[in-house]
Amino acid sequence: MHGPVSRSSSSSNMTDVSSPAGGAASPVEMTTSSSSAATTSASSSKPLTNGANKTTISTVAGGVAPGAVPGPGSGAIPASSSSGNQVKLEHHHRQSNNNRPAATNRSSETKLRSPAGESDGASRLMTPAGSSSSPSQSPSQTQASIQTQTSQQDRLAKASTTASQQDVDEVARLFEEKPEAFEKWLTERAPPEALSRLQEFIENRKPHKRPSVTSDLFQQWMAASPTVQQKSPRSLSNSSASSLPECRRHLMDLDEGELFMELIRDVANELDIDVLCHKILVNVGLLTHADRGSLFLAKGTPTNKYLVAKLFDVTQKTALKDAVTRASAEEIIIPFGIGIAGMVAQTKQMINIKEAYKDARFNCEIDLKTGYKTNAILCMPICNYEGDIIGVAQIINKTNGCMEFDEHDVEIFRRYLTFCGIGIQNAQLFEMSVQEYRRNQILLNLARSIFEEQNNLECLVTKIMTEARELLKCERCSVFLVDLDCCEASHLEKIIEKPNQQATRAIKSADSFEEKKMRNRFTVLFELGGEYQAANVSRPSVSELSSSTLAQIAQFVATTGQTVNICDVIEWVRDHNQIRAEDEIDSTQAILCMPIMNAQKKVIGVAQLINKANGVPFTDSDASIFEAFAIFCGLGIHNTQMYENACKLMAKQKVALECLSYHATASQDQTEKLTQDVIAEAESYNLYSFTFTDFELVDDDTCRAVLRMFMQCNLVSQFQIPYDVLCRWVLSVRKNYRPVKYHNWRHALNVAQTMFAMLKTGKMERFMTDLEILGLLVACLCHDLDHRGTNNAFQTKTESPLAILYTTSTMEHHHFDQCVMILNSEGNNIFQALSPEDYRSVMKTVESAILSTDLAMYFKKRNAFLELVENGEFDWQGEEKKDLLCGMMMTACDVSAIAKPWEVQHKVAKLVADEFFDQGDLEKLQLNTQPVAMMDRERKDELPKMQVGFIDVICLPLYRVLCDTFPWITPLYEGTLENRRNWQDLAEKVEMGLTWIDHDTIDKPVEEFAACADEEIKDIEFTVTTLNCNQQSQHGSEDSHTPEHQRSGSRLSMKKTGALGKAVRSKLSKTLYNSMDGSKPKTSLKLLESHVSEDMDDKSPTSPSQPQASGSMGRMSASSSTSSTGGQMVDKSKKRSKLCALL
């Protein structure tokens, strides 16, 4: 009797061992293994006990036992294979025999050949077996196999005991010292057995994969196409009709318990839902002797559930492929509560009908079509672990002579479906993961397509529609694009304009539905029909859109921003008062329509799917997938529109640059005039001096001075700069400076002259190449091009276009870009004669030098420069060191106004302060914020103090280290020290109430005294007896407890709000200056003691000595000393002494 053939989840891991077709079955001995392990692992063998003979039928994946003779076509390894393979098999036996009884370890396993004509991929059913040996294996062969295994184990044990630790260390030392020799021995002389054992050791040390369904089966399933999956051994249940009776007769020899367990194992690990359902119906037929069966799966939403026939009328002879094809061709949908299966699904109760035609719920239409008569029906629900209905199984007519299903059949059916419910839910989850994986792959491909098709909107939308149609299996797909006024010039800026968060959140309640419809007017329509139809792109008119029902539905979605899933189009049109177009509605069954939005959540289009291929409505799952498509579609369309508009903006920018270049370039008349001018010598402009000033130079002289610097550095002839090009470039640079108060062309000239003086007078040209000198002079002249009078912080706060364009060193990057723009303008390229390598080098120098004028860059580089100087660095020719040196020189030149003579420095400081105050006013006006002290006009009196801080933090440390390293630039350091003393003096005077900033010069710092100069002050006597009198001598009743605001004194009177008043101080100022000039005062002044008696520093120590004054003021103090009351005098403070010296 031949062994039966059935389906098994592990059949794909089995190897057929068969004799020629038509021959008798000859069992062949296979590799021994544990039967318990075979029943628990999908990759292990599954033995079957065949009736009373108890013959063990099993397989082991990968081969046969040593000495076994494989049949023709076998995939097993013959006994005459290499010794390496033999060692692998023996090692496998040793692993399987560990910690197990000898009788169990030597239970033989065999596999019978399938009957003639049976498919090689057919699955086999296996049940637990005894431990009897196969009759085809002789006792001598079995004994030889056991002896071979024993000898292998003894040899390994002996090797482990004889090898000492010293031997192991010696071998390890040889391997470490001569790895090449060991590798050569392995490749040339190592025996195969040693190589095989080495491979085993390596494999055993590898980490094992986690035993998971997704680790093997899922990846296998993903790699296979649907065709391959249907033809794979584990998925095929469509064996020939002639084999099924054989299988049935064999299983009938099993007792009920063994058969039940075997059929449970048959479906336990099956993940293909089609194969699983086919196995369930076939196995249920075996258990209950039913003629045929059907299986329905629950679908739909919680409020609208229905059953779908997965497989219908499956008999023992129905092949899987035929069953699946028939179910797909004639999809049967049964709502819950309708018919026998629907009633079972709704009530979760079993129905056992003995006579079907007498039951009102029975539908005889199928019998009429097929000619088959249904007598008995047993229908039972399939539930998951939570008790929810996931399907219904139905069997029809018994075949063993009984006319109805008894209680025993019901119990067997119920018990078996309990296990089947677990398998079905697992298979459904696996199918969902497979679908999700495929969807993700499609979405990834879609994302890839989006990035590939950035420059063509039509190709992009066509790709998106094709992917959506293939994934969701719909008949047609359409995309409507909303009119974005792309032709308007203002829209080009709107596309890239940073969105206003408040504006995007604001909702205008006054907008009506019709107004929104007008804004969301469609201009482009993309349509994609069947599989072999090309996409159609059109621009429908308003009348065409208003007469199309599909367009009206899309218009509704675009206006409301809602997703609509329409099952009945006619009813939806009637409910929403839309115009019905008969030509479209008649062929439309279901519509899924969704808005397409951009990054600002603005509707830019509508995607529409029409009619699913199987005629059913679109599900929530379809809507979720389509939502992902809509998101990708929105990103793709938005990006493509951005790209198209960016191209337009680039074209627009080129036009603007052409216009800017024309207007930024100096005129031909100016160029010719400067070319013909005579350039004076450098000494006449005082170019070699660090005390250079441009105050006496007219604008044309400034350009001539720049030309002289280029000539003196021999740059014109060295780099073959055409003279007219150089003149035009200088004039163009001057033209591109804005007329701000400080950062203008004059400032650029002073910075360039300081660099020239450092190179020539300071002898820094010794450390520079001619190309670097050219780059530094160009950088100095261009380092503040197009300066707007505001700093980088202001650009960032106001979120100006420059701050968006450049995130760091905003203005410096803009200055460099303007420099490049001028050089690229026609007739302005002074680098035109340079080689490409020299051009790159000089442009790199210019860029680095201009960016170094940002004080933030200075602070980053200063520590590295100080470290080099402190280490005694004298070689500055390295690239990094040269870059640091040039950066420090640029900063030194940029702030060099602080080292100019005092009569120049205080005027420049006034210009800087005015520009800063203008920025502070803008911050108050535009940002509604309080500016910092240096930019706050209301704190202008603090400027001297801030100047001292600026010198101490930035200027003096820089000039000191440069002076220590390069002593020829000492004048910069000395001039800075001198100006610091002047600013410190002014700061102390401001603390005493003197201000200066409202004057163009600082010649008359006591400016408040001139406020009421026009008023005639009469009869005011002012006699200066002393500037420091004892408080108690004048006011004996006042002591230290007297409130300060009640005390009178000269300090209060000297302040702007003092008791003396502006008129008195104006007269005082005139008198003091007239006295200094030697002229006689017009009015005899006497300073009342009540206004000047208070000491300016209450904590000053007393002294019996009286201070002396010089000049006429000293004489005034001496002559008036007799009018004092003789009170005790105190010493003057330091500040009082300075005030006396001023007076």
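A Cβ is built for glycine as well, from the same backbone N, Cα and C atoms used for every other residue.
Per Swiss-Prot, the divalent metal cation 1 site holds H747, H783, D784; the candidate it also names there, chosen from D622, D883, D894, is D894. Separating the Cα atoms of H743 (active site, proton donor) and D894 (divalent metal cation 1 binding site) is a whole-number distance of 10 Å. The Cβ centroid of H747, H783, D784, D894 marks the divalent metal cation 1 site; residues of that chain outside this set whose Cβ lies within 8 Å of it are H743, A748, V751, C780, H787, T853, given in sequence order. H747 (divalent metal cation 1 binding site) falls within a helical segment according to DSSP. Here the Cβ of D894 (divalent metal cation 1 binding site) has 22 other Cβ atoms within 10 Å, regardless of which shown protein chain they belong to. Looking at the domain 'GAF 2' (456-637) alone, the prediction's average pLDDT is 75.
Other Cβ atoms within 10 Å of the Cβ of H743 (active site, proton donor) number 24 in total over all chains. In terms of local Cβ density within 10 Å, H783 ranks first among the binding-site residues H747, H783, D784.
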